[in-house]
Amino acid sequence: MAKKEKEAGSRCCVKIVNKKDVYLTEFANENDYLRLKRLKGRHFSFDASFPDSTTQHEVYTTTTAELVEEVLQGRNGSVFCYGATGAGKTYTMLGTLENPGVMVLAIKDLFTSIRQRSFDGNHVVQLSYLEVYNETVRDLLSPGRPLVLREDKQGIVAAGITQYRAYSTDEVMALLQRGNQNRTTEPTRANETSSRSHAILQVVVEYRVKDASMNIFNRVGKLSLIDLAGSERALATDQRTLRSLEGANINRSLLALSSCINALVEGKKHIPFRNSKLTQLLKDSLGGACNTVMIANISPSNLSFGETQNTLHWAYRAKEIRTKTSDTNEEVIEISETGTDQAKLLLELQKENRELRVQLTCQQQKLLTLQAQSLAANASPPTPSSVMSLETPSTAQPKEKSKHRSTFLTRTCFTPESKNRGAEEAVVKELRLIVKALELEMARMKKDHATQLKQKDDIIRELSRKNEKTAEVGVKKGVTRASLRPKEPNPGELKSPSHRFRSPVPTAKKRSFWDITTANSPSVTTLHGRKTRSHIISEPVAAPSMLPQPGFARQRPDVHK
Ligand SMILES: Nc1ncnc2c1ncn2[C@@H]1O[C@H](COP(=O)(O)OP(=O)(O)OP(=O)(O)O)[C@@H](O)[C@H]1O
């Protein structure tokens, strides 16, 4: 129960039983004397329910720890917090210095597991952090123009979002702090640093390993951690203010979310993911192959009964959604098999190439032999043996060769002139023709071989280049921002968790984990006309908003005072 709620004299209307069941009690109106003792209630059952004594670590281990393990196995996971303004969504996801939340614990866990597995493969961790504010998507790590959503093979992606390659928990923490300072917040009646945007942290883990037979396995798992903006109602008197626009857009996204949940539960063919940016971004988490956890945050105060009932209703509905089972390992094998196929093909081509070269050498030898025999024929009258050898060219035996040669020498130098010159000339002519034809044939074969060899060489070169590219993918993909990384003796090495946090700066405001180092950094007062967390921290203690505040469902008039 929040301090304000206690001060307003609220009673606890929520009871958690068996770590699963939630009993919600609706007390009768104080002025309704006849029904004063009447109690109405509702019961909801969930996979897990947490009473207020639960630690952040228990919430993390029950809801998210398993997903982190699955992400390392190459499956996608999403965790999102849903609930009314001030119900504790940001506390659950980010937490405080003393009690870090799901995002922090998940990242810490992820890096611990990676460190333990680093001996058997390469891990690349990439990070992006965005917010959806007034139906525009913004990069929280390098704020600038709104981003456009587009759909590709990996699902819905924000085009041009900064992907940081992270090496340690510390680095991720620094990035999160920075991103969180850029997040749009406003003081509301229920929460001084109320998040006016939906924030999505995406961590992509790529794992690459070579097995014994030198096959390369590549697994990619994506973890999305989502802190939704609070649900609330815009009042009629507040219609033209920026706050009402924010509220309307937040409600629009959440309404779209509830429509998607309804459609998914009812098994409809068309799921209206395109109705809002938020549902577009959650498409994978809700309707795709993904392990998804929804954390519903509620206040135990009876003053928030309506909001609580609403939240529990949607969480109960969402429980029925069945996401597709993802078997990323099969995809991984597919990818690696392609790699193996290419490697096999490369080996086969190299072997074939070698054989072709041997063949070419043999043919060249034959050609030389023929040329020599042709010379012999020119210089001397043919003998039956020399004609025989011309008709059946072969890689002649050394013995035969020497025999031919001696015959040739003997005949050139010592044989007396033949009487039948006309017949000899005719034979020489014939032999010349044969030699010429053979030479032509050899030239053609040589040309063919050269072309084949060139083609094979090209294929081999292409395959080698592809293999090299595949090996480099992890390195080229990320934008490394070395300046963000603390200088370490060995930057690739993962740090121990004891280096994780920096000293807190005392603040009288909400002690969000992410606000801790803000006082040290130059404060950004506004960003595109919005207030951000850094703005709130640099201001003196915020006065309560003068704007009419959206109320909880059953607001008592004295609560405003
Ligand atoms: N379980 C908890 N234990 C201690 N404090 C909590 C807990 N949950 C919430 N709080 C405190 O309640 C206040 C409101 O919580 P938080 O900002 O997380 O709400 P929210 O649901 O994110 O609200 P909004 O939707 O407006 O952003 C914070 O000061 C937070 O520290």
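Placed from the backbone N, Cα and C atoms, the Cβ positions cover glycine too.
For the ranges 94-121, 206-233, 262-289, 346-373, the feature annotated in TrEMBL as coiled coil maps to 346-373. It is 539-561, from the ranges 10-32, 125-147, 148-170, 539-561, that TrEMBL records as region 'Disordered'.
When the binding-site residues Ala84, Thr85, Gly86, Ala87, Lys89, Thr90 are checked against ligand 1, Thr85, Gly86, Ala87, Lys89, Thr90 have a Cβ within less than 6 Å of one of its atoms. Ala84 (ATP binding site) falls within a strand segment according to DSSP.
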